[in-house]
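> Got a structure for you, questions after.
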Amino acid sequence: MATVIHSPRDPNTLSNYNNWVSTHITATFDILFEQKKLVGNVVHKLKSITDARSTEIILDTNHVDIGDVKVDGQASHWELLPPLEPYGAALKINLDQGVGLNEMVEVEISVKTTEKCTALQWLTPAQTSNRKHPYMFSQCQAIHARSIFPCQDTPDVKSTIDFNITSPLPVVASGLPVRGIIEKAQPGSKTLYQFHQKLPIPSYLFALASGDISEAAIGPRSVVATSPDKLSECQWELKADTENFIHAIEKIVYPYAWGEYNVLILPPSFPYGGMENPIFTFATPSIISKDRENVDVIAHELAHSWSGNLVTNASWEHFWLNEGWTTYLERRVSLHGEAYRHFSAIIGWKSLADSVEHFGHDHPFTKLVTDLKGKDPDDAFSSIPYEKGFNFLFHLENLLAKDKFDRFIPHYFTKFKGKSLDSYEFKATMLEFFQHDLEASNLLKNVDWDAWFYAPGLPPKPQFDTSLVDVVYELSSKWKSLPDSSFQPRTSDIEGLTANQIVVLLEQILLFERPLTPELSRVLGEVYSLAKSENIEVSNLYFQVGLRAGDDTVYKPTAELLGKIGRMKFVRPLYRNLQKVNRPLAIETFEKNKDFYHPICRAMVEKDLFGKREE
């Protein structure tokens, strides 16, 4: 029987993963803080998926130094092909001959990272919370693993991984710590840390961090890891909810598969809210708000343990299968009740509307299924796959009724466990699952799948339960009536409101066609104590209200906040709004802090402030 070679369905990789699939990776690295480099080697076990028809292995790389390459222990001829931006330079490894279908070859590559590595951020002691030691962490999503080591940098390929990491400081990785071995002391007061990831994962979930890290329990199968000076407050913030979150999602899908669920609270320059690295979620310190109001980030990253990490989008064009499902599961965590789920969805709708407004209503990146051929997936990053994806699943749930949709959820996550899929397989699976239920089958056949997948702009807005926002809407309408009404703001206006309700209030005020006056903006901050809030979700929105109002008393605090946090959710809108009222301050603030930001964040802000400029 002839071997069928399928064309790869991921346009953002240069690898020939349609000929070879990496099944296991052994990554051995020495962390060199002084040189800001990882040095070591990576071994790929690759399975042939043709019958001796491929005599070359092509891997993704981007700005890595390659030493030698061995195939099955023998030195091999290799070359770096000309760079194809933004994807890097493909590494072509020649084989003497092809190998049979399903036979294995072992490729060992010695490698060093360079200063152009986009996956690693190196922090000076001054950039950490206790200012004592340097720190390093990785962020490989979407296509940055290739800047650490040559790999098939696509979510359509999954490998088990062994990590052997030597560092002078504690290490965490996206594998289970190999316990029962004594961490081995190395020359120069370094220690070897070993981790094993027994479940196959895509390259974007390869993760490392090293620094002054301590751990404390937050549940029977969970620890929080962070800087020692922040450990107790992080433990308090997370210990009340983490195990409850795990139980809640297990009831909806099936038991947690990864053994431990741990959370690493990173230094403040981490660019995302969280990154769902298996075993160790990497999370921003902005969730530590001292009121347990922002732990939904943990619910979201935990939900990725099923959607994304076990069942994965086959390419970044179908990113909603990761993020839409995860947002859906996060909101199904019923610790707060159904009204809160709708409340969270209303906040999400506002975020979706903002993203559509930012790109433009007919922009291709506002589609659920995007075309990323020749594009950098980071450029398409926004709330759209999260919130448009959530709203599609929420629409299907309401269409079918929750009890029927709930029967589909574990079926879907079982069928694709350990696999990657695209939107068309999702659709086919749903239609097939309900084919013997005439009512459900007819309802699904009448869904305008093409409009959901390919229409740009906002989807149809669902009927949300507005009970938790009605009180906020009422208060925002009073603010809207100023200065023409007799409304006098008082502290009692917000008594009993959660921080997330304050977020909605501020978002409503940002929607006013006529911004607040500078004087009213100051009253808002003073009477409701918003300017001093330790909850960045609140303070960043208050600053945006002030910037829109032209209230110059928030300009300096905005610039100060931009020097303390690197989460793009806050950084990008604050820069966009600051530059509208004081562009010199925005540019000065960016130039002062650009080395503090993660390379991904820095590149995005540069585009926001300057358009595409050369390095």
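The backbone N, Cα and C atoms fix where each Cβ goes, and this holds for glycine too.
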> HIS300, HIS304 show up in Swiss-Prot as binding Zn(2+); which entry in GLU260, GLU323, GLU338 does that record put in the same site?
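Between GLU260, GLU323, GLU338, Swiss-Prot records just one in the Zn(2+) site with HIS300, HIS304, namely GLU323.
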> Fewest other C-beta atoms within 10 angstroms of its own C-beta: which of the recorded positions GLU301, GLU323 fits that?
GLU323
> Taking the Cβ of GLU276 (peptide binding site) as the centre, how many other Cβ atoms fall within a 10 Å radius?
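The answer is 26 other Cβ atoms.
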> What recorded positions among GLN139, GLN141, TYR272, TYR386 are found with a C-alpha within 10 angstroms of that of GLU301 (active site, proton acceptor)?
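Checking each Cα against GLU301 (active site, proton acceptor), there are no hits.
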> List the other residues in this chain whose Cβ sits within 8 Å of the Cβ centroid of the Zn(2+) site residues HIS300, HIS304, GLU323, in sequence order.
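Checked against the 8 Å cutoff, the neighbours are GLY274, GLU276, GLU301, ALA303, SER307, GLY308, ASN322, TRP325, THR326, THR327, GLU330, TYR386.
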> For TYR386 (active site, proton donor) and GLU323 (Zn(2+) binding site), determine the Cα separation and express it in whole Å.
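Cα of TYR386 (active site, proton donor) to Cα of GLU323 (Zn(2+) binding site) measures 5 Å after rounding.
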> Listed binding-site residues are HIS300, HIS304, GLU323; which of them have CA atoms within 10 A of the CA of GLU276 (peptide binding site)?
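So the list reads HIS300, HIS304.
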> Compute the C-alpha separation of GLN139 (peptide binding site) from HIS300 (Zn(2+) binding site), stating it in Å without decimals.
17
